[in-house]
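Enquirer: Structure below; questions to follow.
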Amino acid sequence: MVEAKAFADEKKIRKKLKEGKRGKMKWAAIWAVVVVAIAITSKLAQNHKSCLCSKDSQKYTGIVEDCCCDYETVDSLNGAVLHPLLQELVTTPFFRYFKVKLWCDCPFWPDDGMCKLRDCSVCECPENEFPETFKKPMQRILSSDDLKCQEGKPKAAVDRTLDSKAFRGWIEVDNPWTNDDETDNSEMTYVNLQLNPERYTGYTGPSARRIWDAVYSENCPKYTSGEICQEKRVLYKLISGLHSSISIHIASEYLLDEAKNLWGRNLELMHDRVLRYPDRVQNLYFTFMFVLRAVTKAADYLEQAEYDTGNVEEDLKAQSLMRQLLYNPKLRAACPLPFDEAKLWQGQSGPELKQEIQKNFRNISALMDCVGCEKCRLWGKLQVLGLGTALKILFSVDSKNHPYQPLQLQRNEVIALVNLLNRLSESVKFVHEIASVEKTMERFTSEHPMQEIGLWQRENISALMDCVGCEKCRLWGKLQVLGLGTALKILFSVDSKNHPYQPLQLQRNEVIALVNLLNRLSESVKFVHEIASVEKTMERFTSEHPMQEIGLWQRVWEARKWLRSIIPL
């Protein structure tokens, strides 16, 4: 009886050990999700309200509307191929400097916009900073009329090919899709885009709203299904996608605390402006695919282009990165035709329709001169020019029917096109990351309901530490959550590569909390390792020495002898 009872007790102990092991794994998973939750909530504005919106988050699956690739493929290619290449490409000297006319009168109304931050202003490049090759006069080969679509011609079908001997040198020629006279260098200035990032500037209110109201109401009104032709729907989706991307970048680099000059992500703003509207997210993906198609269609031209800034090493790097982008095997295999432009401008009304839409886009381009914030005007002009360059590549050249009308691009157009593609890539990547986090949180909260405290719905995790009833528990809870928040701040709130003038700043208490948290985690990891070693030893012993047939004292004696055999005394 004693032996049977001892054996039963041992079975219970081993069962509890196994359950404890599973429990540790379960809580490890819970804490992993808690870390993600803190990453989301720690960057919110000071009102301690969570912006996690899992109830109305959308699942983006299947083919991107009017495109030839699905959302899953786009996210995969962007994360693995496009985003890393573009991030590196736009930092090279060739793509870093953009020529822009910053001071133009608004052709539609008096400029009365004001920025409330000094970050609204643009730091122009001194004469000796930008490349000498950019100062040389370019060729003037074609007039803008030569590049306009086939006006008045019955056949306006779009050809998907371009001349393989594409690049004939940088030229100065107006883009028929944009308003600025790009050949007028008298009022142009060069801007280092790395020193003037697209971010929140405080430019809000009636002046900012009037820009977008004019863009949509007068040039590309919102459509309902089947209400307007495909070409006008494409224009609306391009502008909506660009608008979504701009909003995401404003929310991604938001001034959370002006007194401390603390910048970070405002997820609540991002949700209110973009993520809560499925069509805006879908249009963002569409615009990304549209611009990517323009880049891949002009692959021969862009491969042969001269990325000359006088810095041989950096110029070779830019050319190499461009080739990797254009001819990446993963991209070509998974999404060879991101958007099929040949479906547009069909029928007798094609040329007239193209003229109408071209005029609308030129008006949108002109509206960028009405933006009251200088830095917003810079990025508005750059991205609208990039979109106009994509339209020019896809719709203004037909090398099949007009072989003597080759594609000709300005240096500035290529710079704008690549920087726009990078901006869209960043926005798509961020939306995908948010969707992944929301999916993880939905799964976690479905398995672990928290209705009584509403952790994910109502409170910031840091603020919840004030609700802990035990004083010592509250002390260590506050310390360790502050330490974890400090780790997140170090990893995600400072980007010294792209923003070298935004240094890391920590409080004394944050460093104390961070080091103490690391010590507590180190102790926990050591303890888990020791327990795992003991369990492994016990399993090995019991497998080599079955215990069903021997009594309790015999088992103790056998264990003692075995331990002495492996641990010399």
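For all residues, glycine too, the Cβ spot is worked out from N, Cα and C.
Predicted automatically and left uncurated, TrEMBL annotations should be read as such.
Summarising the annotation, TrEMBL assigns active site, nucleophile to CYS373. Summarising the annotation, TrEMBL assigns active site to CYS376. Residues or ranges marked as FAD binding site in TrEMBL: ARG199, THR201, TRP212, SER240, HIS243, ARG273. If you look up TrEMBL, you'll see CYS115-CYS120, CYS373-CYS376 marked as disulfide bond.
Mind running through what each feature is packed against?
Expert: Just so you know, the Cβ of CYS376 (active site) picks up 24 other Cβ atoms within 10 Å once every protein chain is counted.
CYS373 (active site, nucleophile): 24 other CB atoms within 10 A of its CB, across all protein chains.
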Enquirer: Tell me the Cα distance separating CYS376 (active site) from ARG199 (FAD binding site), rounded to the nearest angstrom.
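Expert: Rounded to a whole number, the Cα-Cα distance is 8 Å.
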Enquirer: Please report how many Å separate the Cα atom of CYS376 (active site) from that of ARG273 (FAD binding site), as a whole number.
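Expert: CYS376 (active site) to ARG273 (FAD binding site), Cα-Cα distance: 17 Å.
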Enquirer: Whole-number answer please: how many Å between the C-alpha atoms of ARG273 (FAD binding site) and CYS373 (active site, nucleophile)?
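Expert: Checking the Cα atoms of ARG273 (FAD binding site) and CYS373 (active site, nucleophile) gives a distance of 20 Å.
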Enquirer: Enter the number of other CB atoms within 10 angstroms of the CB of ARG273 (FAD binding site).
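Expert: Taking all protein chains shown, ARG273 (FAD binding site) has 18 Cβ neighbours within 10 Å.
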Enquirer: If you count other CB atoms within 10 A of each CB, which of ARG199, TRP212 wins among these binding-site residues?
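Expert: Within the set of binding-site residues, the most crowded position is ARG199.
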Enquirer: Tell me the Cβ neighbour count for SER240 (FAD binding site), meaning other Cβ atoms within 10 Å of its Cβ, over all protein chains shown.
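Expert: Here the count is 22.
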